[in-house]
Each structure stands twice: as C-alpha cells, then as structure tokens.
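Here's what Swiss-Prot has on this protein:
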MOD_RES   Y131  phosphotyrosine
BINDING   G309, N346, T348, Y364, R379  citrate binding site
COMPBIAS  442-456  compositional bias 'Low complexity'
REGION    442-485  region 'Disordered'
MOD_RES   T446  phosphothreonine
MOD_RES   S450  phosphoserine
MOD_RES   S458  phosphoserine
MOD_RES   K539  N6-acetyllysine
MOD_RES   K545  N6-acetyllysine
MOD_RES   T638  phosphothreonine
MOD_RES   S662  phosphoserine
MOD_RES   Y681  phosphotyrosine
MOD_RES   S838  phosphoserine
MOD_RES   K1076  N6-acetyllysine
MOD_RES   S1099  phosphoserine
Amino acid sequence: MSAKAISEQTGKELLYKYICTTSAIQNRFKYARVTPDTDWAHLLQDHPWLLSQSLVVKPDQLIKRRGKLGLVGVNLSLDGVKSWLKPRLGHEATVGKAKGFLKNFLIEPFVPHSQAEEFYVCIYATREGDYVLFHHEGGVDVGDVDTKAQKLLVGVDEKLNAEDIKRHLLVHAPEDKKEILASFISGLFNFYEDLYFTYLEINPLVVTKDGVYILDLAAKVDATADYICKVKWGDIEFPPPFGREAYPEEAYIADLDAKSGASLKLTLLNPKGRIWTMVAGGGASVVYSDTICDLGGVNELANYGEYSGAPSEQQTYDYAKTILSLMTREKHPDGKILIIGGSIANFTNVAATFKGIVRAIRDYQGSLKEHEVTIFVRRGGPNYQEGLRVMGEVGKTTGIPIHVFGTETHMTAIVGMAWAPAIPNQPPTAAHTANFLLNASGSTSTPAPSRTASFSESRADEVAPAKKAKPAMPQDSVPSPRSLQGKSATLFSRHTKAIVWGMQTRAVQGMLDFDYVCSRDEPSVAAMVYPFTGDHKQKFYWGHKEILIPVFKNMADAMKKHPEVDVLINFASLRSAYDSTMETMNYAQIRTIAIIAEGIPEALTRKLIKKADQKGVTIIGPATVGGIKPGCFKIGNTGGMLDNILASKLYRPGSVAYVSRSGGMSNELNNIISRTTDGVYEGVAIGGDRYPGSTFMDHVLRYQDTPGVKMIVVLGEIGGTEEYKICRGIKEGRLTKPVVCWCIGTCATMFSSEVQFGHAGACANQASETAVAKNQALKEAGVFVPRSFDELGEIIQSVYEDLVAKGAIVPAQEVPPPTVPMDYSWARELGLIRKPASFMTSICDERGQELIYAGMPITEVFKEEMGIGGVLGLLWFQRRLPKYSCQFIEMCLMVTADHGPAVSGAHNTIICARAGKDLVSSLTSGLLTIGDRFGGALDAAAKMFSKAFDSGIIPMEFVNKMKKEGKLIMGIGHRVKSINNPDMRVQILKDFVKQHFPATPLLDYALEVEKITTSKKPNLILNVDGFIGVAFVDMLRNCGSFTREEADEYVDIGALNGVFVLGRSMGFIGHYLDQKRLKQGLYRHPWDDISYVLPEHMSM
C-alpha cells in the first residue's frame, strides 16, 4: 500500500526534528513511551521531567477520539499516571466494533491553557493538491471540521505562503496569534511536503503566550517514498490498526515483499478462523474476500493477502508455508478450508508459482490432514494447465482433498463450492498452454474467430439509454467530470506505433504476436529505449520471420528517428519511472503513456498528472498491466499469452468496452465478456494506485463518444470517489449508453478494524468511499449493478442480449485468425519439444533459488562446515569426501601455496606485475610456466610410483630399472633439503597421513625408494611434490569413496596437478599484490647477467 498510519510518537519526533518555523515550539521531544515491559526506574533516568511536571497520559495505538472514550488522563502526577494506567495497561478495550489490548501509552507534560487557545489544523492530500484546514475552535468538541473549518487547496507544485494563510484560513483567529499561526502552518505544510506525508492532523494545537504546543497528532506517510526519505525517516514503524495484533508472520511476509520485485501481502484477521485464502492478484484477493463475507463467512475469514507480479517458485513457497503454518496451529471442529484462487494471469507463470505452493503442501501434508483441511483451487494464465495438473497430483499422492478448476469455472465459484455438500465434476482441460498452435475454430473452449471491424456501425444515439437517474446524490459529493480538452478520444488504432522503455523482450514479443494474430500490417513496436546499453538492434519474430527492432540509449534519438510513434510504454522501475515519464512528455508526438511500475510516491504521480493535463497526454497507470484494443494494439503483457488472446477473442473487436483498476481482473473481464457477449472493443486497467493517471470517467467518456462501443463495463473498487462521476454523467445526460458496474471491496464494512487491500488506493477514508455506498449510489443513478461479483457475468449477458434484441448490436461472421508459431523457450518449458544440449555438466547447478554443488545446496555446505577441501571434493570428484580427506586437500594447498620469488612461475608473475599488467594477465603468465619441469612432478610422481607398485616390482628393482633407462625418478630429490635437513612440509604431511589415512601402501613403497636413493646421495629425498602425489593416490584408493577404476582415472586425467595449480595461484596473486604495494617499476634484466654468445663469423 501507499499511505500508512504512523504512531503519534513517530509523528511528533519527525515534526520536532524537521519543522522549520519562527514560531516557538514548546515541549520538543518531551514524551515518554510506556508498555507492559517498561522499567520505570530506567524511564525516569531517561526522562527526569516526569518527576517535576504535571502529566498527560494516553494510548498511542491509532485510536480516534480518545478524549471522548475516556482514554486520556489529564493533569496527573507520576503516581497518578501509574494509578491511571493500572486498570488499562495490558487490558482489553472496545473502540467501536474493534476489541484490542491497550499496550502502548504516551506520557507528555500537561499544558495549562484556556479553550480560546485551542486550534485545529489538518493537511491532507487529494488528486488536485493538498487541502489545509484550520478552525479557530479546536479540542475534543471540534465537531464536523469539514463543514466548519476554513479550507484552502494548495495545488500540485504550488507553495503556501503566510499571506495566503492569513487571508483564507485565519479569518476567525485572534489577531494577536495570527503571525504565530501563519508561521507555524507555513512551516508545517513545508514539513508535510518534504517528508511525503499524506495526512497530518493536530488537534488541539495550543498557542499561549509562551509559544506553540502540539498536544494531539495523527498522521499518515506515503510508504512508497521510503527510498527518498530514508535518511530522515530512519527505520519507521507502521503499527497495525487498533483491534488487530501485529504478528511476526506479517512482518516476515512484509520483509519478503520488500526484497522482491513481486508483491506479497498478508494480514491476519482471525488466526482461529476456518477459512484461509492464498490468492493471486490485488484485485482478485478483494473479490474473494467479498464473496466469502457475502456468503456469511466474515467471522470465519482468517486472513487477507495476495501474491502477484510473477513471484518465483521459492518466494511462493515461503509465502505458502507461512500461511499453512498459521492455519495448522489450532483445530476447528468443522475442519478448515483453503482457497487458492486468482484471476487469469497476464504474465505470471502459474506452474512456477503453483510448484512453490505444492512444495509447501508436501511439507505440511501431515498437519493438513490432521486439521482436516480441504483445498479449492481456481486459476488461469500462462502455463496454468501444468499448474493445475501438479496441484491435482499432490492431492492424489498426499490424500489431501484438493479440488482443481480452470478458466471454464467462474473465478469465485470455488467459494460457493466450499460451502456446498457436493463438488461439481471438473471438465478435462488441455494438457498445455499451446492452443494457438492449431486452428481451434471447432472448439467451444477456445474459439478462433477473427475480424477487423466492429460488429455494428450503428450511431451512438440509437443505443438504448441507461436507466433514468434518480436525484439522490448530494451535489458536493459528486465532482463534475474532468475536462478532456486536448486529449484524443481514440488512444489506439491498427496503425498505432509505440516505443517501449526498458529491456522487456518478452513483453515486446507478446505485443508482436498479438499484432500478427490481429493481421496488422506492421509491428506496433517501433523501438526500445534502454539507457544502460549502447545503441544496438534486438532480434524478434514477426510470425515466422525474424525482424530487428532498434534499441536506443537516449530517448531523444528514438523520438527523432521514429516520429510516427505516439505511445510510450514505460517499464522503468519505481525509482526511475517518474523521471523517464517526465522526459517523455517533453516530446509533443507522444499522446499516451502507460506506466507499469508499482510504488511511485503519490506526490510524484500527482506531478505527472498535472503535466499530462497541461500537455494533453493520457496516462494509463501507474501500477498497471496496461490496456488492450482487440484487433489493434495491446500494452505490454495485457491479455496474457496467445492462448488466452484467442480464448477471449481479443484478436478482433467486440462491442463491449471496460475499465478496471486491476490488471488481473481486467483479464478476468476479458474472459467473462467473451463468454457472455460478442467480445471486448477496448479495455483499460487504470492501475491500483490512489491517483491513477487517467480515471474511470476519462475512459467511460471516451467509450461514450466511440460509435463502436455499445455498452460499458466498469469494475470499481473501495477507495476514492471516481465512481460517483459516472452517476453525475448519467444524471446530466452525458452518458447514454448502458453501464454495468460493480465496486469490489464490500467486505471492508464488515471488518471490525481497517484492512488495507492489495492496491494502494483500496482503502476508504470516509463512508462515501466504501464499495457498499458506491454500489448503492450507482444503482440509484440507473447503472446496472449486480448483487455480487458472482452475478456480474449474468447482468453483462442480460444487457448485451437486450441490445441484440433491439438491433443495436448485430453479431458478425467469425473468421479464423492466422496461426502464430510458439517460442522455442516456452515450448521447451511446456515439455512439447526436446533438443540435445551442446554442453553437459554434472558438478554445479545455479538455475534454482540456491546454488548446488554436486547435488549439495550451498547452505548445506556451510552448515556442515565442509571448508575448501569439501568443496573441492564436490566440484572435482562429485562426492562428499571424509573429513580427513578434506583436511589433507587443504594442507596440500597450504604447502604448495608458494616457494619464493625465484621459481619460474613467481618470477614471471613479478615481471608481468612490474610491467604494469593487470592481475589476471600476471597470474596467467605465472601459471603458463607450470609443466614437466616446474610443478608437474605431482602428476608424474603419482603415475610413476603407481605403475611400479602395481606391477609388483620391489623398490630396489624400480630404482635400478630407472637408472638403467637413464630416467629421473619424479618426486625424488631436492636442491637444498636432504635426509639430514628434512623438508618440514613433507614432515607435517607425513605425520597427518600416517595418523588419519586408513592405509598408505603407495607412500610406504615411496619411502622405501627414498631409503635407497638417499643412501647414495643425501638430498635424493622424497620431496613435497612426490609426497603429495603418492599420498593422494593412497587417499583416492583407500578412503572408501572411489572404486579402483575411478581412482586411477582421476590420476590419469591430471587431477593431482590441479592441486599444485590451485595452491600456487594463491602465491602468484600474493607476489602480484606485493609488487603493486611496493610500487616496483619496470624490470629489465642486467646485461652483466647475460652471456651474449653470437656466431663467430658474425662477431668478426
């Protein structure tokens, strides 16, 4: 959500810190918080003024009218405060319909004052700007401030000065206090704007001869502005409304939501409830809650929540397991119900999200059966058949009753089934989302008709008018429709061209496929803009043909080279969507902008709206999937994949236009309208934010003026008053076409505490903003309003059939659309094709949520403390080695890490480093010296000693044989060390191996060889390379993890040399860093260390 309430303490703390005013604000930071865990001695240490002043105490839990409820203790001593708190702190209280525990109180100094010194100030945000309210009589009996207070609208981007405040607000204020009040209100407004508040009320504001006192404060901030205000806000807390506890599970989901590009929401309403929901989509989640409450389940509804925006399988698993954990804590005598519902997704891979839910169900299958949980599933969208299949399979394998339904079932029908004694039979669905591969004109579930013109070209004035309006609406509650001067009634046509901001290749390909199936002459996407790469071209498909679409770094270049473009689809993130949209509106050719991002601060959205109105630009969004005009154009992912485009007949125009807030619900409307009428003419999802760029009425008026539109469908929502404009339009005769409308969110009036639904704007701030009030007003105005969302399809069909009967709509002949090839990647995901891979790997898999080494998740690697040796065992040998083997590998890496700067590898590395080369170049220079003469002895010694040992010849015979053949025994001999001056590296390794290895036959053989060679020359010892070689073979052969064939294969393919390469790389890097640290210059070898031996005839 966007606007969130903060505690009084938080509001005052921010105000005292950041308000800038000449008025003397008293009692700054003088407040003390008391909870059941408060240590009074510690509190007095921090706030010594508690002992010396009269005090006021009150709960700080978002409770309104505390004074009227007797929840304010006034003019008390500290002992009086303690006595006053005793029957209240930690005890239950009832406020309206809400019951909750009082556990957070605020103590402040008592301010003696008269009634004449109390004032009321409030600032709140609207679409047009911010209203400032002032009343000269504040306090507990202030009454209806909307009618009594002086009110001033400060427009978007306008400033509030002291003179305006005095002239418009302080009309009735005492003369001697006007200067102080004007300065304070001016500073308060600037503070409100700077810290992105959406609501700020002070009542009473007390002004005495000493200065200004802020007694009671209530506030909301725009939570989406966190990335802007983080420095000033700090870690701000958003307490739950009174009557609802804050649960750690809610905080956990909020944390997941904050770390994800998807949307994850959870509110616990009644943890003991019988009915639990796990719904996809901000709009759909509200509709399911409405339906449950309509059927009498309000007291059994346990939670509200939603997941949307294509969460990954892991994110959905985390979300699902949280809900399953909560619902299996307490048993219910009638068992429990889990509704896994959702509308038809636009771009979320249903199978991927369902696999996450299925994992959670498997993990909790025992608890689910113990608590007698029955699960009802309904979903549609990309790959939904596979999702439904895996959901049905888990029901069969676990024994949990899971009833699965697809798009052929009405979205909320499963709620009724949960109460019904019998479950209807589920008709078989296709095995995959690939219906568009074949001409499906014979199928009832996926019709394949097509056309490029409207069914009827009859005039708008021939359409049956809406029902006569009843004069019941108060004038001030129904603002007149906003002027559309300068804005086109037609946003899209068959020739519309768009620029897409953002590297959204999947969305662009979806638009091109839609264009192709609509038989457009050219693709609708002319270019893309992506500031993070240089100019280039991106490959896409136009039917079977490959095409190139240019990608520009700068928007100016894209606009200049494509003057025919008049639509921009903005996929920028919430942080850059504002700036990129503002830049777009500098180009006069752009008439429509769709903003997809969710989470743009409301204050910035209002600035976008103001500039768009000035420029005559229509904005769709923010927080939207976009819109669609069948047969012409679609925005981004709107309408989902091609199978849904065909099933909902979106490739050709119908006669019904709709507008909704929700993207998912707009796709559900596509489905409903296609099954009950001749199809969609145009549909727009204006977005779930509080201030959408264009409103319901903007689009309803467009549809009214469009001859091809014969009836209008509006899916309204709780929050805001835009739907009342439709009532006004009918009353004034501006709207004559039939309008079907239903406002979702009717359940909100049944809850005892306020619930913020999935959309930022879905929250009623007054009675007129509730869905129930709006539905009633619409009905009285003559709009066709169903009794519930369940009946929406029936009333749409009834109105449509009436228009057909009157001849206003003449159904046209259907024509099959062209077939479109399926993308290779999607076909592979659906399991329709297979292809031999070019590469194979068996040691690492990075594709899932967690990196996996040879089958072991990285979390397990750290949990088991496997170390570098253990990781090498997994990556080199595909298995988990014994602990001593891992330790031995690590010891080998340590002893081979370096051997001084004089050896060839280190020498090369140093020379490269001093020549100014980078780390990788210097390192590879050193590594390239490793071979038979340097570093290669590990492999050679292992092979040579193994061959001799396995052939059965005794050590003396082996030494004699090598001498006879004139070959050196690899791994024997050292330039400095000898039998009398042993190499401590070898000694350390030998002690470890003898202590931990189960058997060391090859090492024993090599030590016998050493006895023979050192008897002739004391430095012919088994050196560190030879020791590691033979000991490694012993480890491979005797640790129990390998067969003899596997052990020999690893020696043959050079695994042992890898130990030296990896170990010595550490030393080479050390030498590189050392030279850079010492700032050594270019190395040139001295002449006197070089013998110039030239041919004799040349030197003469």
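Glycine is treated like the rest: Cβ placed from N, Cα and C.
Note that the structure is predicted; figures quoted are calculated from it, not measured.
Shown are the modified residues K545, K1076; of these, the residue with the fewest other Cβ atoms within 10 Å is K545. For K539 (N6-acetyllysine), the same-chain residues 6+ apart in sequence whose C-beta sits under 8 angstroms from its C-beta are E546, I547, L548.
Considering only the residues assigned to citrate binding, G309, N346, T348, Y364, R379, the longest pairwise Cα distance works out to 30 Å. With Y131 (phosphotyrosine) as the anchor, the candidate binding-site residues are G309, N346, T348, R379, and the one with the nearest CA is G309. The least crowded of the modified residues Y131, Y681, judged by other CB atoms within 10 A of its own CB, is Y131. Following the DSSP three-state reduction, the secondary structure of G309 (citrate binding site) is coil.
Here the candidates are the modified residues K545, T638, Y681, S838, K1076, and by Cα distance the one nearest R379 (citrate binding site) turns out to be T638. Between the candidate recorded positions, N346, T348, S662, S838, the densest Cβ environment within 10 Å is the one around S662. According to DSSP, Y131 (phosphotyrosine) sits within a strand segment.
The Cα of T348 (citrate binding site) lies closest to that of T638, out of the modified residues T638, S662, Y681, S838, K1076. Taking the Cα atom of each, Y364 (citrate binding site) and S662 (phosphoserine) are about 32 angstrom apart. Listed in sequence order, the modified residues from K545, T638, S838, K1076 having a Cα within 10 Å of the Cα of N346 (citrate binding site) are T638. Sequence-distant contacts (6 or more apart, same chain, Cβ under 8 Å) of G309 (citrate binding site) comprise S260, G261, A262, S263, T348, E598.
Local packing around the binding-site residues Y364, R379 was summarised as the count of other Cβ atoms within 10 Å of each Cβ; on this measure the leading residue is R379.
Over all protein chains present, the Cβ of T638 (phosphothreonine) has 31 other Cβ atoms lying within 10 Å.
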